[in-house]
Amino acid sequence: MFDADKGWSDQLDGKKLSIGIVQARFNEGITNALAEACLRELAALGVDAKNITHLKVPGALEVPCALQALAESENFDALIALGCIIRGETYHFELVANESGSAVTRLALDYQLPIANAILTVENLAQAQARQEEKGRDAARVAVEMANLLYTLA
């Protein structure tokens with residue numbers, strides 16, 4: 001997803017798309033900034049606010065469960081995962097990062113549904129703050145582009 005705004009794509013028209021967003025509340029200052037940037041970019045790409053479902057869950061490990069519920073509804077063209085995992089002093093960082101990332105990827109493949117993964121995994125708060133705006137925008141662009149790409153392949 002890095003630098004999704006680089007280059008050009010003709011797949012960034014979001015006018016007819018329905019998007020689901022699942023945001024972790026843990027590290028809420030960062031995840032709120034991710035969500036705000038993501039929602040602004042979705043609007044800029046033409047996604048109607050009434051076609052966006054935005055859910056909040058406790059943390060990154062809960063994101064996949066909510067994504068699965070949205071995927072099972074078959075009401076969405078793409079989904080977006082938002083969260084922030086900051087390394088601490090224990091192995092918990094690796095566990096949460098690996099398990100949440102793996103589950104998001106597995107859901108995308110199992111449901112053949114694009115899921116833009118913007119669950120940040122960073123060493124410290126400064127790294128998260130440096131990425132919150134860009135990665136929120138990137139997630140919106142990835143979701144719209146991949147939804148449109150899969151429609152062209154159907």
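A Cβ is built for glycine as well, from the same backbone N, Cα and C atoms used for every other residue.
Annotated in Swiss-Prot:
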| type | residues | note |
| --- | --- | --- |
| BINDING | Phe26, Ala60, Leu61, Glu62, Cys84, Ile85, Ile86, Asn117 | 5-amino-6-(D-ribitylamino)uracil binding site |
| BINDING | Glu89, Thr90, Arg131 | (2S)-2-hydroxy-3-oxobutyl phosphate binding site |
| ACT_SITE | His92 | active site, proton donor |
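The DSSP secondary structure for His92 (active site, proton donor) is helix.
Neighbour density around each Cβ, counted as other Cβ atoms within 10 Å, peaks among the recorded positions His92, Arg131 at Arg131. By the criterion of other Cβ atoms within 10 Å of the residue's own Cβ, the least surrounded of the binding-site residues Thr90, Asn117 is Thr90. Looking at Leu61, Ile85, the binding-site residues in this record, the fewest other C-beta atoms within 10 angstroms of the C-beta turn up around Leu61. Each of the binding-site residues Glu62, Glu89 was scored by the other Cβ atoms within 10 Å of its Cβ; the lowest score goes to Glu89.
Residues Phe26, Ala60, Leu61, Glu62, Cys84, Ile85, Ile86, Asn117 are the ones the record ties to 5-amino-6-(D-ribitylamino)uracil, and the longest Cα gap between any two of them is 16 Å. You'll find the Cα of Asn117 (5-amino-6-(D-ribitylamino)uracil binding site) roughly 13 Å from the Cα of Arg131 ((2S)-2-hydroxy-3-oxobutyl phosphate binding site).
Taking each of the binding-site residues Cys84, Ile86 in turn and counting other Cβ atoms within 10 Å of its Cβ gives the largest count for Cys84. Phe26 (5-amino-6-(D-ribitylamino)uracil binding site) is surrounded by 17 other CB atoms, counting those within 10 A of its CB over all protein chains shown.
Cβ neighbours of Ala60 (5-amino-6-(D-ribitylamino)uracil binding site) (same chain, under 8 Å, six or more residues apart in sequence): Ala24, Phe26, Gly83, Cys84, Ile85, Val96, Ala97, Ser100, Ile119. The binding residues for (2S)-2-hydroxy-3-oxobutyl phosphate are recorded as Glu89, Thr90, Arg131; their greatest pairwise CA distance is 23 Å.
Counting only the Cα atoms, the space from Leu61 (5-amino-6-(D-ribitylamino)uracil binding site) to Arg131 ((2S)-2-hydroxy-3-oxobutyl phosphate binding site) is about 20 angstrom. Comparing Thr90 ((2S)-2-hydroxy-3-oxobutyl phosphate binding site) with Glu62 (5-amino-6-(D-ribitylamino)uracil binding site), their Cα atoms are 20 Å apart once rounded.
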